[in-house]
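Look at Swiss-Prot and you will find G12, G13, G14, H15, A16, G17 tagged as FAD binding site. Residues annotated as NAD(+) binding site in Swiss-Prot: 271-285.
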Amino acid sequence: MTDNVFDVIVIGGGHAGSEAASAAARLGAKTALITHRRDTIGVMSCNPAIGGLGKGHLVREIDAMDGLMGRVADVAGIQFRMLNKKKGAAVRGPRTQADRKLYRLAMLAAIEATPDLDIIEGDAFDLDVVDGCVAGVIMKDDRTLKAPAVVLTTGTFLRGLIHIGSEKTPAGRVGEAPSIGLSATLARLGLRLGRLKTGTPARLDGKTIDWQSIGRQGADEELIPFSFMTDTITTRQIECGVTRTTEATHRIIVDNIMRSAMYSGQIEGVGPRYCPSIEDKLVKFGERDGHQVFLEPEGLDDDTVYPNGISTSLPAEVQADFIKTIPGLEAARILQPGYAIEYDHVDPRELTPSLEVKRLRGLFLAGQINGTTGYEEAAAQGLAAGLNAALRSSDSDPFHFSRTSSYIGVMIDDLTSRGVTEPYRMFTSRAEYRLSLRADNADMRLTPLAMRVGCVSDARVRRFTSYQAEIETCRALLQSLAVTPNEARRAGLNINLDGQRRTAYDLLSYPNYSFAALSDVWPEKLGMIGPKVAEALEIEAGYSVYLDRQASAIADQQRDEERQIPLDFNYDALAGLSNELKVKLGTARPFNIAQAAIVEGMTPAAIALLLVHLRRLSSAERNSA
């Protein structure tokens, strides 16, 4: 019997499930990962890439918490690039194309090497619920696995339905059956469900592409890893092809637009705004004479090519026709047609910031089930849900990511307070404090928190504390070195002759002075500082003026996040609150004052009233203790 008893059970072995299971096990919870097949753990169902704008920040944050995605991407990455590298550090996004096979095998190896983590092959059919709390998972073969905390990471499998033209196939992804039982379970629990859609392009045979006739894009000269624990990238790097659709392409698609599952009315679900199908592009941006297509090889020893930019749900024969009108693809052979897939999701406002279902203790949701799109968004939620599931299993306080200190916190707050009307994707523009939430400082922001929670390996603790000490020592050195304007001029630094002494740290905040320039002024002092620390301090100093201005706003936000509202708070009993707000707050059930403040119609007076009542409640609880 003890073989079927766990602290945490994770359902689903995709990007959310892998991170959730790993996170729970790292906290010492005896964890089970349920998946249909062991060899599908870590499968990249759509594009063969990790990271990007906003998404790369999430990967770095997952890594800072000792998660898996960054390290696995460093093993499998075959074209590392830093996006927006000519812009400010706050909006730069690390990205890599990935070898699908290498990524899957590296993720499986990482999961198998994790202590306290068992992989169970099978089909989770229902939840075991006792006295309003999760008690385990009921399998399709009638086995019952016991656990006080369960994480659902079902991806596109909840009543998944694939569309290729008018053809409809129940599936979670190509060749894999959907999950019907769990969708019925969620509906039975009274959770608000919706229907969303995503899509993928046809896969092409790289041997049939005319690579000589199209543009090429290669990796950066300097390969920058995702993980703090990766010293160098050793996997061979490759180029991808770049081409464009043509007027002939557009004509075929427009002539057949009503045969697309999206435009025939066959699909109910809403698709991702920022990853549109080629049909959507032509309907919404019909004035353009072409749309860029990136031809991304799916592996070092795989001839399959992913044509990024032409996701579609047109019939297979129409896909074949329009693909042949794209330069370089005139003779391309389709290995698998593109398709749209629609699936059920849960309104994420049903969740607390720990990603626990408000009305069912012990049930956590992560990934596309919460209305997001993308591997990185799913993995970040999996990390949060896995940590909190482990904490729930031991009756410990939950761990909440703040939107002031992480993109993970921004995403979870957006989801749980605002909900979704379309698949949610992370962008740097979603963060109010993005100048301080940079990809380059994810470790400094989050690893100390991870160390306090206890989900970090000894090896990472040693490496991070050494790096942190080096940063602090070098920062203090920069702040101790100072020059007058005349001394600076003699050293070749052109600053105002105002008689004011400036430290090396002050000078580093000027846009026209680099660490290398200051090293010429103080070669003996600064010449020995390594490039990684030098770059970190250069970026930090450059943003220091702006970050000082933001400090007050961040403190206010953190204070409001810390003022929690009981989930059973009786808004109807709050005299002075309008009936409209009583209804809206009762429906939204905000977790804290920060979430209450963004409820539609909320006023400063209503917030003040709520705060007064919460203080009275807190005082009464203290007096009765």
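Heads up, the Cβ atoms here are built off N, Cα and C, so glycines get one too.
Structure coloured by features recorded in Swiss-Prot.
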| residue | record | contacts (Cβ under 8 Å, 6+ apart) |
| --- | --- | --- |
| G13 | FAD binding site | A21, L33, I34, T35, H36, R38, T40, I41, G42, I111, I119 |
| G14 | FAD binding site | I41, G42, V43, S45, T153, G155, G367, A378 |
| A16 | FAD binding site | T153, G155, A366, G367, Q368, A378, A379, Q381, G382, A385 |
| G271 | NAD(+) binding site | L196, K197, T198, G199, M262, S277, D280, A340, E422, P423 |
| R273 | NAD(+) binding site | E422, P423, R425 |
| C275 | NAD(+) binding site | T198, G199, S311, T373, P423, R425 |
| E279 | NAD(+) binding site | I253, I257, S260, M262, Y263, T312, S313, L314 |
| K281 | NAD(+) binding site | R288, H291 |
| F285 | NAD(+) binding site | H291 |
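Annotated pair G17 (FAD binding site) and V283 (NAD(+) binding site), C-alpha to C-alpha distance, rounded: 36 Å.
Cβ environment of G12 (FAD binding site): I34, T35, L152, T153, T154, G155, F157, G367 lie under 8 Å away, each six or more residues apart in the same chain. H15 (FAD binding site) sits 32 Å from V283 (NAD(+) binding site), taking the Cα positions as reference.
Counted within 10 Å of its Cβ, the other Cβ atoms near V283 (NAD(+) binding site) come to 16, all protein chains included. Comparing the binding-site residues H15, G17, S277 by how many other C-beta atoms lie within 10 angstroms of each C-beta, the top residue is H15. G14 (FAD binding site) falls outside any helix or strand according to DSSP and counts as coil. The FAD site, placed at the center of the C-beta atoms of G12, G13, G14, H15, A16, G17, has further neighbours from the same chain whose C-beta lies within 8 angstroms: V10, S18, E19, A20, T35, I41, T153, G155, G367, A378, G382.
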